[in-house]
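**Student:** One structure, pasted below without further comment.
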Amino acid sequence: MAVHVYCSSASMIRAPFFPETTDKKVGYWLLGSAVSVFGIVVFGGLTRLTESGLSITEWRPVTGSLPPLSQAQWESEFEKYRASPEFKLINPHMDLSEFKKIYYMEWTHRLWGRVIGMSFVLPTVYFIARRRVTPRMAATLVGISGLIGFQGFIGWWMVKSGLKDDLFAPGSHPRVSQYRLAAHLATAFVCYSWMLLAGLSIFRTHRALRNPEAASAAFKALQSPALRVLRGSVVALTALIFTTVLSGALVAGLDAGLIYNDVFSMGNGIVPPTSELWDKFYCRKEDGSDLWWRNMLENPSLVQLDHRILATTTLTAVLALFAYSRTGRVKVAIPKDVRKGVNGLVHLVSLQVALGISTLIYIVPVPIAAAHQAGALALLTGALIVGQRLRIPRSTMALVQKKLLKRAPLYPSPPEM
């Protein structure tokens, strides 16, 4: 009896605090959260395109959860907006009914962000406390929670840049900083990507453990030297797509899509004149040492040209990846789901290019421009999924091998005589 109690106690001491695999419910929740972030990214684009983002001039994380509920409260909010540079320069004839429309757009965007934060942080605490996640997944959830909070701060930091009362400064225009807009969008994309990959990894582990023999063979196939270049190419493509997205944020922040609305030309040539692309007007230093990077990031003409170049490079890279996946040893070694993913990338990039061209030639109509932003996130999603399917999950491989060893007989049967 004493021996039995001792053994039970020892096994309890050795039992890990966290499980070896994360509960599938966490995977569903992560993917649902990613869908919600996808939605708020698109809605955030609509908020910007309808010029609603500067309608709320204060940051009240708690008390701002409710909209104005009385006429007096509406008048108070409208009076604050009337003191903003945007009202003075762009909307001096706006009345209260028009103000309510843009106010509700921004309020909904902020409320959606609060809901995402609460619906992520609270379940994170629960799943960790109830030991439903692995140590690595627990760290991932905490990291995403922190990123969501940081995103809220960046959002206000961005809005604040559009409320500066410097109406008489050279080139002043009441809009948010394109740098802060790019940071806000980049953080949203990173948050979405992190949620998506974390959720997909959970389901991949469960599928592998459900059929360890097939999973072991699949993981062995992924180790083929023929897939090494393809794997690195997908990583590089993902980085290129993300860079193109940041370039698009600069275009949006500078309203650079409103100029040069022809597809194959910019003005009288393929590119604008050199003097326009490298304009000393954007320099802040007397020696002109900031000429190149200031124009790259602040000159609308060059920013649009940069985005065109990056978009064309992304299209070319996807088509090259497709062609490479159909050649030589790669064609033989590539898994079926990866081949389908690459096919999907071709469709997504084609759609995104069509949306980009339509946004340009129709001079940034709200529905098409919002769809273009959604298309960027969809294209990034496709690249992430292909990369995830090509990745060799070391921790999952270890669990699969462990399960296979448990299934193997302790003493192999002797050979027949």
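Count begins at 1; order follows the chain as displayed.
Using N, Cα and C of the backbone, Cβ positions are placed for all residues, glycine too.
The transmembrane segment annotation in TrEMBL covers 26-46, 111-129, 141-159, 179-203, 234-260, 305-324, 345-364, 370-387.
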**Student:** With Cβ distances under 8 Å as the criterion, find the stretch in 26-46, 111-129, 179-203, 345-364, 370-387 that has the most pairs with the transmembrane segment (234-260).
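**Tutor:** That would be 370-387.
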**Student:** Taking pairs 6 or more apart in sequence, does the count of Cβ pairs under 8 Å between the transmembrane segment (26-46) and the transmembrane segment (370-387) hit 3 or more?
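**Tutor:** As far as Cβ distances go (cut-off 8 Å, pairs 6 or more apart), the transmembrane segment (26-46) and the transmembrane segment (370-387) touch.
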**Student:** Checking distant contacts: for the transmembrane segment (179-203), what same-chain residues at least six beyond its ends satisfy Cβ-Cβ under 8 A?
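**Tutor:** Sequence-remote neighbours of the transmembrane segment (179-203) are 21-22, 24, 26-31, 33-34, 37-38, 40-41, 44, 48, 137, 140-141, 143-144, 147-148, 150-151, 154-155, 157-158, 161, 242, 245-246, 249-250, 252-253, 297, 377, 380-381, 384-385, 388, 393, 396.
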